[in-house]
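Undergrad: These came from Swiss-Prot, pasted as-is:
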type: BINDING; residues: His130, Asp165, Asp169, Asp269; note: Mn(2+) 1 binding site
type: BINDING; residues: Asp165, His167, Asp269, Asp271; note: Mn(2+) 2 binding site
Amino acid sequence: MERSFMKNNSSVNMTSWMGRVDHEDGELGLRWHQKVKVTNSTNQDGIMLLGFACDEGVIRNKGRKGAYAAPQVIRRALANLAWHHQSDVYDGGDIQCNDGDLELAQKQLGIKIKSALANRHQVIVLGGGHEVAWGSFQGIARYLQSRAVLTSPTPPPRIGIINFDAHFDLRNLSQSPSSSASQSSKQYGNSGTPFHQISEFCHVQHWPFHYACLGLNKGSNTQALYHKAKQLGVLHFDDIEMNLLNLPQIKQALSEFIEQNDFLYLTIDIDVFPASCAPGVSAPAVRGVSLDIIESLLPDILKAKNQHGESKLLLADLAEFNPTFDIDNQTARLVARLVWTIAHGMKSNM
């Protein structure tokens, strides 16, 4: 029987959570599809999965469409993975951008994230293009602003954004959704602008902007973007630097970055990986960063605690998976492994 619920452009469709059942192993043989639950207003202190079914930002950025379908494909890849987790996992459904109104979809995602965080969940968002990042940050900001109202006066929050990505995504907004000439004075975001939008928001709010971008393809980022990153104080490493020889230096820099922040937001653009293991993206990487390097850096992010012993990581999202161009579901399985690893690390000592 299909289990499906609709609310405010958000759907919960549990039909993707199907897979193998090992009755002979009892509780020790459970898999994700047997453990993930539908969210409701009474759920607290777990992990909330939210989908962002959207590739409008990729289309505006002249990329290859197809990321809209990613959240459900990721769920299907997750469904059959073995359950080794300590926390309940809830499915909060998808925010769907069906009409080109990216800004509304990002706002709705932010509202759902704020609600999940207020209910003491940590959140994993399944994108969608990397325009998801602006919606994710809106949710974090809404949550922290609501906390500040209750506990004011309070200093500005120090939010550390850690982005594994081949691109800075610091581009300026365009004057039209299609990036073509327009007489409109309104500016539009896309999949290449989210961290510019976040930096502008932080500037208006008088919040510090702390951004780390690891895995950059220098040939895909202009001098203007490197200059802008320097002006904004961005911590960054190019893909050619992301190797075992440099791993201690990178871990040290990341540790110092984590230490100076009260909260963390982790975002992984799947195009940071080599095309050989992640063909299903809008912009496949020629070189990329190996999975073993990125998995070596994740524990420090997932285990980071504040002075109260609470996890600094509020939210993680995964972006730019494009099932249209995947080969034998290998990118889907890669994304599922990352979600599995993040969810496991959020509620354990890894």
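Just so you know, glycine gets a Cβ as well, placed from its N, Cα and C.
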Undergrad: Among all protein chains shown, how many Cβ atoms are found within 10 Å of the Cβ of Asp269 (Mn(2+) 1 binding site), not counting that one?
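TA: Excluding its own Cβ, the number within 10 Å is 30.
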Undergrad: May I ask you to report the DSSP-based helix, strand or coil state of Asp269 (Mn(2+) 1 binding site)?
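TA: Reduced to three states, the DSSP call for Asp269 (Mn(2+) 1 binding site) is strand.
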Undergrad: Measuring Cα to Cα, tell me the gap between Asp169 (Mn(2+) 1 binding site) and Asp271 (Mn(2+) 2 binding site) in whole angstrom.
TA: 12
Undergrad: Using all protein chains in view, find how many other C-beta atoms are within 10 Å of the C-beta of His130 (Mn(2+) 1 binding site).
TA: 32
Undergrad: Using an 8 Å cut-off from the Cβ centroid of Asp165, His167, Asp269, Asp271, can you name the remaining same-chain residues around the Mn(2+) 2 site, in sequence order?
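TA: Other same-chain residues with Cβ inside the cutoff are His130, Asn163, Phe164, Ala166, Asp169, Gly215, Ile270, Val272, Ala283, Ala319, Glu320.
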Undergrad: Taking the mean position of the Cβ atoms of His130, Asp165, Asp169, Asp269 as the Mn(2+) 1 site, which residues outside that list, in the same chain, have a Cβ no more than 8 Å away, listed in sequence order?
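TA: Sorted by sequence, the hits are Ala133, Asn163, Ala166, His167, Ser191, Pro194, Thr267, Asp271, Val272, Ala319, Glu320.
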Undergrad: Hey, how far is His130 (Mn(2+) 1 binding site) from Asp271 (Mn(2+) 2 binding site), Cα to Cα, in Å?
TA: 10
Undergrad: Could you tally the C-beta atoms, other than its own, that fall within 10 angstroms of the C-beta of Asp271 (Mn(2+) 2 binding site)?
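TA: If we count other Cβ atoms within 10 Å of Asp271 (Mn(2+) 2 binding site), we arrive at 28.
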Undergrad: Just to verify a number: CA distance, Asp271 (Mn(2+) 2 binding site) to Asp165 (Mn(2+) 1 binding site), in angstrom, no decimals.
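TA: Checking the Cα atoms of Asp271 (Mn(2+) 2 binding site) and Asp165 (Mn(2+) 1 binding site) gives a distance of 7 Å.
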Undergrad: Just to verify a number: CA distance, Asp269 (Mn(2+) 1 binding site) to His167 (Mn(2+) 2 binding site), in angstrom, no decimals.
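TA: Distance (Cα to Cα, whole Å): 9 Å.
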Undergrad: For His167 (Mn(2+) 2 binding site), which residues of its chain lie six or more apart in sequence with Cβ-Cβ distance below 8 Å?
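TA: Expected: His130, Gly192, Leu216, Asn217, Ser220, Asn221, Asp269, Asp271, Ala283.
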Undergrad: At a 10 Å cut-off from the C-beta of Asp169 (Mn(2+) 1 binding site), count the other C-beta atoms across all protein chains.
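TA: If we count other Cβ atoms within 10 Å of Asp169 (Mn(2+) 1 binding site), we arrive at 29.
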Undergrad: 10 Å Cβ neighbour count around Asp165 (Mn(2+) 1 binding site)?
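TA: Summing over all protein chains shown, Asp165 (Mn(2+) 1 binding site) has 27 other Cβ atoms within 10 Å.
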